[in-house]
Amino acid sequence: MFYAQLLVNGLVQGLVIGLAALSITLVFGIARFPNAATGDAMTLGGYSALAAFKATGSMALGGVAAFLATAVVSLLAYLAVFRQLANRSVVSLLVASIGVAFFIRAVLGVTFGHAQQVFMAPLSRPYVLGGVRITPLDLQLAAVAAIALAAVFGLLYFTPIGRQMRAVADNRDLARVSGVRPGRVMVALWLLAGGVAGVGGMMLGVKTIVSPESGWEMLLPAFTAAILGGIGSPGGAVLAGLLLGVAQEASTPFVGFTYKIALAFVIMLAVLLVRPRGLFGRVEGAR
Amino acid sequence: MDAYLAAIAIIALIYVLLSLGLTLQYGLTGLINFGHVGFFAIGAYTSALLALKGVPLILTFPAAAVLAGLSAWPIGLVSLRLRDDYFAIVTLGFSEVVRIVITSEKWLTNGVQGVPGIPRLFEGLQGFAAQAATLAVILAVTIVAVWMILRIAKSPFGRLIEAIRDNEEAVKALGKDPASFKIQVLIVGAAIAGVAGAFYAHYITYIVPDQFIPLVTFYVWMAVIMGGVGRVSGAVVGAAILMVFLEGSRFLRDIVPWISEVDMASVRIGVVGLLLILFVMFRPQGLMGDYTKR
C-alpha cells in the first residue's frame, strides 16, 4: 500500500519531468542542441501560473497563462539568440542557452523577489481508492498535463506543421528539399517547446514551491528523461519522465530525499553507457 | 588598501587557475566541461578536511589536486566517447551531484553549515605578511601553471589535442585514440581546479556547499570566452575582467543603495547571462582572440 502511494506520487512528479523532457527532446531533435534554458523557462511558467491563479483562483487558467507566457518568451529567445546562431557549433548554442537561462532567472528574481512563493490551493479531502490517497489537486494537475500533452501530440501527429516538424527532426536536408520551410517549423517548435515547459513549471510550482532557482533544479532529471526516452522521441520523453518520477519516489525511502537528483544522474550515466540512443531513439544516437 | 588589493589579487588568481584548467580542456581540446565547479569543490573540501585533521598543508594541496583529478577519471571514461553536447550535460550533472553529496553527507562535510575554521596558509605570520606570502605562493603556482600549459600547447601532445578539437575524425584516421588524450586533459584540468579550490578554502577559511553552485562554472566560462578561447593570455585577461566585474558590482551598491543585496545577486546573474550571449553571438574569439583566424 505504501508503495502504491509512492507510485501515485511518482506519477505526478513524473508528469512534471515528462513535460520538461518533452520540451528538451523537441528542441534537441529539431534545433539540434540541448537547451539548458528549459529549467528557467519552467520557473517562468511557475510565476506566470501563480500570478494568474492569484488573480482568478482557477488552476486551469493558471495553466493557460503558464503555457502562453513561456511560449512567447521562448519564441523571443529563439528570434533574438538561437536563430542567429543556427549555423554555429553546438557549443555556441549551448553556452548561449545558459546565458538565456541566467537572464530569465535574473529578470524573474528582480521582478518577483527571492522569497519562496506557494500556490495557496484550497485544502480538499483526498479520494481514497483502496487505501491510496489521491488529492483532487493532483487530479486537476494531471488533467492540465494531459490536456497539454494531448494538444502537443495532436499537433505533432495530425497537423501539417507537426508533420513538417517531424520531417525536420528526421532529416533536415531532406525536409528542406521537399519544400518544408524551416522558419515556420522553428517558430512552431519554440512556441510548443516553451509552452510545454511552462505547464511543467506550473505543476512543479503547485507541487513544491516557486522560487527563481526552482526550475533549474529540474534540468538534470529532465535531461535524463529525454536521453532515456531517446532524443527526438516525444512519446519516449514523456514515458521516461513518468518512469523516472516513479523511480525517484520509490527510491526515497532508501536513499533519502536529497539524493533524488543524484539518482537521475546515475540513471543518465547508465543509459549513456548501455544504450545511448535511449528507449526509442534513432540509431545515429549519442556516439 | 594594500590588504584589500592583495585580497582581490588572491581571488583573481584563483579564477585565473580555474580559467587555465578550462582553457586546457575547452580552449585547446574542445571539451565542453560544464562541471568545473565540481572539481573546484572537491579540491576545496579535500584540502580543508585534511588540514582540520592535522595534515600539514604541504600535503593537503597535492591531495586536493590528486583527488580532483581522480574524480575526473571515471567521468572521462564514461562520457568522453559521447558527443560533445552529451559531455556537457554529464559534467553539469556531475557538479550538481558533488554539491548534493557535500550537502547531504553531514558526517564528513557538516552539510549546509559548512566547514569553519580552516587553517590559513602561513598561520605563523602576522597580519599583512601572511597575506603577502599567500599572494606570493599562489602567484608562483599560477606562473607554473601558465608555463606548463604553454609547454603543453607547444608539445606534440598539444598539437594532438588541438587536432582533436579541430577534427576528431582525422585524428582517429591517423591511428590515435582521442578518448585517451581527452581523459588526460580532463584530469589535468580538474587537478588545476582542485588546487584552485584548496587555495580558496584556505584563504576564505570557511566553505559551505552554496559557494559551489553552477554559477561559478559559468563565471569561469565567461572569463574564458571574454578573454579568448584557446589563448592562455585570454584566460588571464578574462579572469581579471571577471574580477573587476564581481568587485565592481559590490561597489555599485554604494552608488545605487536602493538595490538590495539579493537583487544585486540577480543583476549579477543577468549580466553574466547577457555577456555569455553577446560574446558568443558577436565576438566568439574573445578579446585576446586570434584576429587573423575565422
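Each residue, glycine too, has its Cβ placed from N, Cα and C.
Small disclaimer: the values here were computed from a predicted structure and weren't measured.
Here is what TrEMBL says about this protein:
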TRANSMEM  A:7-31  transmembrane segment
TRANSMEM  A:51-81  transmembrane segment
TRANSMEM  A:93-119  transmembrane segment
TRANSMEM  A:139-158  transmembrane segment
TRANSMEM  A:185-206  transmembrane segment
TRANSMEM  A:218-245  transmembrane segment
TRANSMEM  A:257-274  transmembrane segment
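Using the rule of three or more Cβ pairs under 8 Å, pairs at least 6 apart in sequence, the transmembrane segment (A:51-81) is not in contact with the transmembrane segment (A:218-245).
Most Cβ pairs under 8 Å to the transmembrane segment (A:93-119), among the stretches A:7-31, A:139-158, A:185-206, A:218-245, belong to A:185-206.
Residues 11-12, 15, 18-19, 22, 59-60, 63, 67, 127, 165-166, 188, 192, 195-196, 199-200, 202-203, 206-207, 234-235, 238 of the same chain lie 6+ residues outside the transmembrane segment (A:139-158) yet bring a C-beta within less than 8 angstroms of a C-beta in it.
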